[in-house]
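Okay, so here's the structure we're looking at.
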Amino acid sequence: MDIEAAFQTVGEFGPYQKRAVTVLVLAQVYMACQSMLIVLVGYTPEYRIEQQNGVPSSQQELQQHVTFTEDAESIVTEWFLIKQQAYKVSLAGSLFFTGLLVGNVVFGPLSDKIGRRPVYLTGLFFEVIFGYVTALAPSYEVFAASRLLVGLMNGGMGLVCFVLTQEYVGKSYWAMTGTLTSIIFAVGIVVFGALGYFIRPWRTLATVANSSGVLVFLLSLTLPESPRWLYSQGRMERAEEVLRHMALRNGNHANNLKLQRVGAAKPGNCDNRRSGVLQLAIHPVLRLRTVVLMYIWYACSLVYYGLTLGASETSGSRFVNVAMYGLVELPAYPLCIYFINKNWAGRRKSMASFLCLAGSACLCTMFIPENTGTLLSITTLALVGKLMVSAAFNIAYVYTSELYPTVIRNAGLGVCSMSCRVGGILAPFVPSMRALHTSMPFTVFCLSGLSAGCLGLLLPETLNRPSAETLEDLSSPIHSRVLESKALLYEDNKWKSNHK
């Protein structure tokens with residue numbers, strides 16, 4: 001039997017898979033805390049400078065004349081990151097996102113070659129280690145370097161963690177596990193906001209937030225290797241062993257489970273050896289698909305982080321604001337679960353629609369006067385836009401993992417995540433375009449959302465269609481399309497009727 005039939009026998013989402021997925025989604029809480037850490041530990045409280053005999057000429061003189069009037073402990077108050085040194089707070093955040101970008105590129109292909117489990121556990125272990133270095137950093141330089149390394153591990157480990165939540169379960173549960181991952185990440189942001197409220201010293205906050213990673217690592221040691229990855233590598237005996245163990249823990253009998261060797265799953269197949277980032281560029285189907293997906297991920301990130309920066313200007317408690325950024329995303333995920341599993345919507349139309357709605361919300365902000373004080377304000381529309389782009393972002397994760405074969409799935413997700421980080425890095429610079437025109441930033445977000453939504457319609461639908469396991473599977477009519485058309489839909493319906 002093939003791998004999908006094996007999951008039907010083992011149980012697509014039995015008790016064992018539920019426990020494994022629970023461990024993996026708990027890791028999202030830890031990763032959310034690390035992602036949001038700089039927001040609170042890099043907080044700049046109110047201060048005044050007592051000017052005596054002119055303006056202080058050096059950093060040492062400045063420290064002697066600075067008085068922080070707000071009761072807050074952060075890296076700003078400890079290392080006096082104000083005035084000419086204020087850029088270092090943003091730099092630490094940029095270094096974290098730079099690490100995310102590199103981690104996505106490096107860890108994705110690596111896990112396709114040596115396996116999901118070793119890459120995930122190694123990344124998680126070192127992220128915890130570097131997280132404690134952040135909390136105990138004796139200087140800003142050590143702090144900044146540790147944020148780069150935490151980002152590097154977070155980017156790679158988070159990507160593999162998401163893939164494992166997909167590959168442990170049957171394909172019919174991919175949308176649910178992918179959405180659950182995003183929900184728990186949003187919950188993690190809320191949890192971090194609550195931690196920050198009760199734990200004010202930045203070193204204690206960093207230590208407590210990082211300690212959750214120790215628990216996640218110990219629980220993760222019980223996780224097996226992905227049976228889908230083993231199957232794609234031709235390691236049939238090991239894949240069958242993992243599947244039998246799953247069946248036993250699920251209360252099912254699979255003693256006679258035997259996987260068939262197909263396509264690139266045969267040992268020594270050249271496609272299996274060449275699977276990697278290079279295949280994304282030279283394979284005709286993957287090349288066009290990757291270009292479209294990279295732009296979609298870039299636009300999602302640009303609009304998401306750009307709108308977040310706009311909403312962050314809301315007055316009030318910084319802890320409440322952090323929690324609000326997480327809470328506003330939660331309604332997006334039930335919407336995803338509902339729409340992407342409907343035949344009339346599916347993955348393709350749902351993602352494109354949410355992106356277009358996010359762009360439309362940004363378009364509407366151009367017609368709303370600033371500081372209206374009404375319910376329909378720029379802030380409200382910005383949060384609606386964030387809600388929509390959060391839904392599109394979540395679908396993009398699920399949809400992308402279904403569009404790539406197992407042998408190259410992590411490499412594809414890694415490249416798409418790389419373009420996503422580029423969007424996140426550019427997002428802070430978009431508000432400065434107000435110098436050209438006050439509506440220019442929202443024009444950029446509007447055009448990005450609308451164009452990405454239209455491009456998303458070029459991708460094939462994956463709902464209720466078999467997933468590709470190897471590169472050879474892409475030669476079938478079901479997987480080889482890039483442009484959705486009536487002729488291809490007819491061909492798809494014909495294929496499905498012949499395989500009932």
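Yeah, the Cβs are placed from backbone N, Cα and C, and that goes for glycine too.
Noted in TrEMBL for the protein shown:
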DOMAIN    20-464  domain 'Major facilitator superfamily (MFS) profile'
TRANSMEM  21-43  transmembrane segment
TRANSMEM  89-107  transmembrane segment
TRANSMEM  119-138  transmembrane segment
TRANSMEM  144-165  transmembrane segment
TRANSMEM  177-199  transmembrane segment
TRANSMEM  288-307  transmembrane segment
TRANSMEM  319-340  transmembrane segment
TRANSMEM  352-369  transmembrane segment
TRANSMEM  375-399  transmembrane segment
TRANSMEM  411-430  transmembrane segment
TRANSMEM  442-459  transmembrane segment
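Segment contact holds for the transmembrane segment (144-165) and the transmembrane segment (411-430), given three or more CB pairs below 8 angstroms at sequence separation of 6 or more. The transmembrane segment (352-369) shares more Cβ pairs under 8 Å with 442-459 than with any other stretch in the list 21-43, 119-138, 177-199, 319-340, 442-459. Two recorded stretches are said to be in contact when at least 3 C-beta pairs lie under 8 angstroms, sequence spacing 6 or more; the transmembrane segment (288-307) and the transmembrane segment (21-43) fall short of this definition. Within the same chain, the transmembrane segment (442-459) stays apart from the transmembrane segment (319-340): fewer than three Cβ pairs sit under 8 Å, each pair at least 6 residues apart.
If you count C-beta pairs under 8 angstroms between the transmembrane segment (375-399) and each of 21-43, 119-138, 319-340, 411-430, the highest count goes to 319-340. When Cβ-Cβ distances below 8 Å are used as the criterion, the transmembrane segment (119-138) is approached by residues 27, 34, 37, 103, 107, 110-111, 146-147, 149-150, 153-154, 156-157, 160-161, 164, 203, 206-207, 209-210, 213-214, 216-217, 220-221, 223 of the same chain, each at least six residues removed from its ends. 177-199 is the stretch from 21-43, 89-107, 177-199, 411-430 with the greatest number of Cβ pairs below 8 Å to the transmembrane segment (319-340). Two recorded stretches are said to be in contact when at least 3 C-beta pairs lie under 8 angstroms, sequence spacing 6 or more; the transmembrane segment (21-43) and the transmembrane segment (177-199) meet this definition.
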